[in-house]
Amino acid sequence: MQQASLHPAYRADIDGLRAIAVLSVVVFHAFPSLLPGGFTGVDIFFIISGFLIGSILLKGLQAGQFSFADFYARRVRRIFPALAIVMACCVALGWFALFPDEYKMLGKHLFGGATFVSNFFLWEEVGYFDTTADTKPLLHLWSLAVEEQFYIIWPLALWLAFRRRWAPWKLALLVAALSFAVNVGGVHRYATATFYSPLSRMWELLMGALLAYMSVNRIGLLAGVRGADGDRLADFSGPRARNCAAVAGLLLLAAGLALAAPGKHFPGWWALLPTLGALLLIAAGPAALINRYLLGNKLVAWFGLISYPLYLWHWPILSFLHILEGPLLSRMMRATALAAAVALAWLTYYFVERPLRRPTHGARKVTVLALAIAALGAFGGWIYLQEGLPLRRSVVENAAQQQALIVVEDKHNAELCKQRYGFQTKFEYCLLDQPGKEPTVALIGDSHGYHIVAGLSRYYRGHGDNLWYLGTRVPFFGLGGDNDEYQQATPRMLESALNTPSVRTVILSTAAKLNNETPDGQAGVRAFRTTLSRFIDSGRKVIWVNDLPMLDFDPRTCIRRAGVPTSQTRNDCWVTRQAFDDATRLHHAAVAQVLKDFPQVQVLDTAAQLCDAQRCNVIIDGKMMYRDTHHLSYEGDLYVGERFGRALDAARSR
C-alpha cells in the first residue's frame, strides 16, 4: 500500500490536457493549415511528463522507497508495449511496400527508436541527403527519445542530490535555466540542433518537475490548491485565483497553437507559450472550472487515456500514405487516416497497454518487452546494413529502377577531404574524385551540385583532371546566412576554391532561383555577379549550370510497388516543357542578363538534356532520371554528365 501512495492519484483534467496535446499534434500533421502551431503539443507532453514522473521520483526518494529497478521496470511497462506493436507493424508493412532506399531508412529509424536516439539520427540527417519528413514513418519518435534520455539522467541526478543533501529544486532550477539559455541562444544559429537536442529541451521537463516539487512539498506561491491526491499544487487564495490561472493557461496554450508556426525559430521564446500554459492548468488543480468541465470531460479525458498510442499510430499511417499515394493526400484520405489511428490507439490501449501494465508477472513482462524492443532494434540495424534488403521478392520486379533512387555517397572519401582542407563542421561538405591528386576543377553548389558529381567526375577523370566538390547552400559570395548553417559555411568553401592554385576551372550549380522582382531576388543577382567577377578575375574558367525541371509529383509513383496489390503507376511521368519554361522565366531572364556581361562563362543546361520541345522526362531509355522531385538519380547523373561532356568537348575544340 505504501508503494501505491508514491504515485499521484488519477486526475481527469491532466488526461484532458494530454488530449489537447495529442490532438494538436495529430491535426497539425494531417491538416497543418488548420492548426499551424499544433506541433507545440509535444511541449505540452513534456510538461505533463515532467510533473507526473517528477512526483513519483520525489515521493519515492523522500520516503526512502525509490528503486531504480522499479522505476525503469515501470517505464518499460508504460512505454514498450505500444511502441513494440507500432514498430513491428511498420517493419512488416515496409517489407512489402517500401523500395530498398526507403526500407533502409526505416531500418535506421527502427534502430534509433529502439535505442532512443532517434533525435540524434534526425539531427544528423538534415542536409543534402535528407528526404522529406513525410516519408519517414518513425520520425515522430524523436520526442520519445528526448524524454527517455532525460529519464536516464534525471533520476540519477536526483538520487545524488538526496544523498549529498542538496536542495533538489535548486538543482532543477539551475539545470532548467542553463537548458533554456542553450535553447534561446542556439535557436537562431543552430536551429536543427536546438530543435532535436535534449540539452535545449530538458528545461521543459524540468519545469514540470519543479511544479511536482512544489506539489509534493506543499510549497505555496499562491494558497491552498490541492491535487486529487491531497498534495498542494500552489498557493492560490481561492476559487477565483484558480479559475484565473486556468483561463490564463488555456489562453497561452491557444496562443501557442495559433502563433508558433513552423519557421518561427522554435523552440526559443515561443516555447514558453505552451509550457507556461500547461503549467498553469496543472497548477490550477482539478477544481478549477475549466479543468473540471472542459479538461475533465469524459470524452476529452478518454482521448487523453489513448494519447500515447494515438501519438504512436497517427504518424506512420499518414507517412505510409504519403509514400504509397504521393504527397498530395485528399482531405478524405487524411481524415480516414486519423479515424484509423484513433481506432488502433483504442485497441492498443485496451488490449495491449492495460493488460501489460498490471503488476502480475512483472519481471517476466519487463524481460519479454525489453527483448522484443531489442530484437526490433537489431532487425532495423540489419536492414540498414543490408541496404534495405534489395532482394526481397516484393521489390525485385523493378530492381534496376529502384536502385536509381538510392543516394550514392562516399562518406570515407568525404571525411578524408574534410581533414585535408581543414573543414570541421557537418555543414562543410567536401569530396575529391581522386584523393591522392590535387584538384583542378572545383564544383561548388548545394545538393543540385552534388547530383551532377558522378557524371562530371567521370568526364574530367578521363581528361586528366580531378574534380573537387564543395558543398554549400547558394554558392555565391555576399549572401547572408544568419539562420542557415550551410549558408554560413559557404564563404569558407568559396574561398577554399579561390585560394587553391591547382584549381583552373570553377563550376557553379544551385537550386536557388534569381529574379529582379523582389529584394531577395535582387540580392541574389548581385551576389551572382560578384561571384563570377571574383573567379574570373582570379584567372579561372567559370561554368554555370542551369538547373533541371522540378517535378510536381513523386517520381517513385512511376515505379510499380510489386508488394502492394493495389499499386499503380503514373502514365504521365513527365512535366510539360511549357510548365517548366513558365516556372523559370524570371530566373532565366535574370541569369541571362548577368551573363551578357560575362561572355566567357560557359553554360551547361540540365533541362536541355532531359527535355524535348514538349516534355521533360522522368524515365529515358528505361532508366530513372530522378530520385525525388528535384534531384537527379545516379543514373540521371551519369546520363546528364555524359551529355555535359560532349558540350565541354565542343567548347575545348573551339
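Yeah, the Cβs are placed from backbone N, Cα and C, and that goes for glycine too.
Annotated features, as they stand in TrEMBL:
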- 12-349: domain 'Acyltransferase 3' (DOMAIN)
- 37-58: transmembrane segment (TRANSMEM)
- 79-98: transmembrane segment (TRANSMEM)
- 139-162: transmembrane segment (TRANSMEM)
- 171-191: transmembrane segment (TRANSMEM)
- 203-223: transmembrane segment (TRANSMEM)
- 244-263: transmembrane segment (TRANSMEM)
- 269-290: transmembrane segment (TRANSMEM)
- 302-323: transmembrane segment (TRANSMEM)
- 335-352: transmembrane segment (TRANSMEM)
- 364-385: transmembrane segment (TRANSMEM)
- 420-644: domain 'SGNH' (DOMAIN)
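Mean pLDDT for the domain 'SGNH' (420-644) in this predicted model: 92. Here the listed stretches are 37-58, 171-191, 335-352, 364-385, and the one with the most C-beta pairs under 8 angstroms to the transmembrane segment (269-290) is 37-58. Tertiary neighbourhood of the transmembrane segment (335-352): same-chain residues 26, 30, 81-82, 85-86, 305-306, 308-310, 312-314, 317-318, 321, 329, selected by CB-CB distance under 8 Å and a gap of 6+ residues from either end. By the count of Cβ pairs under 8 Å, the stretch nearest in packing to the transmembrane segment (364-385) among 79-98, 139-162, 302-323 is 79-98.
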